[in-house]
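Notes to accompany the following structure.
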């Protein structure tokens, strides 16, 4: 839908649709809606929740902790950072050592360095397009990403998106924490266990995430700079042992299958942000041009993600394909953290670099903790009544436990988890895209009903299409270590992951007719 003037958005296109009856607890209409009223009622009636809310308000007064939660932000209450932040925030979210393990999978799948780089560039660009599009809904609607999805999935169907979003973010966070745990262990000459390192990173990430939108944008704007310099040095010091002349280990259909699988992982890594992008854009005014947000997000995500993932492929090439003994031994015995420690030299510089690189991952985990808390609040009024910092803490705790449990299986976690999230990401994006550009191309959005299940779509069409895309497309076309779908198996015994493409096709052909039927039956 083309950009509308903010006054049109605030009126909710009253000339197109009726406005929902909304209960207000006071103040300017639009500032406090039924969701806030109900959450406050629950908090006031249950002492522990009231105490937590008062504690959050005290933290807000002393430290500027954000207390807004999932509420829609009207244009006159928005506090937008500079628009260039929509470019640099993705540098901090992707320009860190937690992205390196994705690149490692290319040579592990038997691809040459050149083939790995090609899959990374194409896959990352296509995945970034998903995130760039969904982010454009944030300024237009003034809502968090999962709340935006209610206009497709409905009030109850969006709860499924909330849970999936938490799982996606948690998976990314587990990978990041394991890498940082390995790095901190390497800094201590392996006297400190990886588990202790995981706990340290989880705690620091949580504390910063509590501070909210403004602090996150400020942190993300600058945190990538040191990481960029250090990763350039890492590539330079590893360069003499990287060789692009090592051929692929596969050929024919097996090679095509490996390439498609790695391309799917690269796609998923970039597309995985599609369910949180608007969380960081909802403070921008509704008059912000969608093409500006789309372009800055697309390149802000593509450039750093490609850069770091290719470095990961180079390190994997040196340690596995070329099998340079010092690198191979370090990676075999101490994982990625041990390999990076070996690449940097001399040892004093290596340890200093590793410590700084640990902090580079914080930006990613901070965003994940922040958005996970918001997603859980969208599960219902009681969930909203619990302050965001409590949910973020529980997410950080679970992620730390999972990271400790999976610290010895990093490559398996990355390969299986990142591939799986692509099936959900492509379907989620296409459903929001079709809803926005086709079904709402003339009538727009009634913003005052964002939290009213009586006025929102039923969501049956969206949920059915999402499940159809995953089951009919993803399952038949996936290639995982634990399952290879019948279509993926056509490439080789290890398969070729084409689940993303099949998910996209099944989502499109199911959502258009189902949503048309739903709209005719319900008028929503």
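Cβ atoms here come from the backbone N, Cα and C positions, even for glycine.
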Pick from 117-139, 324-346: which range does TrEMBL record as transmembrane segment? 117-139
Per the definition of 3+ C-beta pairs under 8 A with sequence separation of 6 or more, do the transmembrane segment (385-405) and the transmembrane segment (259-281) touch? no
Long-range Cβ contacts under 8 Å made by the transmembrane segment (222-239), restricted to residues 6 or more beyond its ends, are 88, 91-92, 95-97, 304, 307-308, 311, 314-315, 318, 327, 340, 343-345, 353, 356-357, 359-360, 362-363
Sort out the residues at least 6 away from either end of the transmembrane segment (491-514), same chain, that have Cβ-Cβ distances under 8 Å to it, and list them. 250, 253-254, 256-261, 264-265, 267-268, 419, 422-423, 426-427, 430-431, 434, 438, 460-462, 464-466, 468-470, 472-479, 484-485
If we call contact 3 or more Cβ pairs under 8 Å (sequence gap 6 or more), are the transmembrane segment (417-435) and the transmembrane segment (117-139) touching? yes
Tertiary contacts of the transmembrane segment (293-320) (same chain, 6+ residues out, Cβ under 8 Å): 83-84, 86-91, 93-97, 99-108, 113, 116-117, 120-121, 124-125, 128-129, 131-133, 135-136, 138-139, 224, 228, 231, 234-235, 238-239, 241-244, 246, 266, 269-270, 273, 277, 281, 284, 327-328, 330-331, 339-340, 343
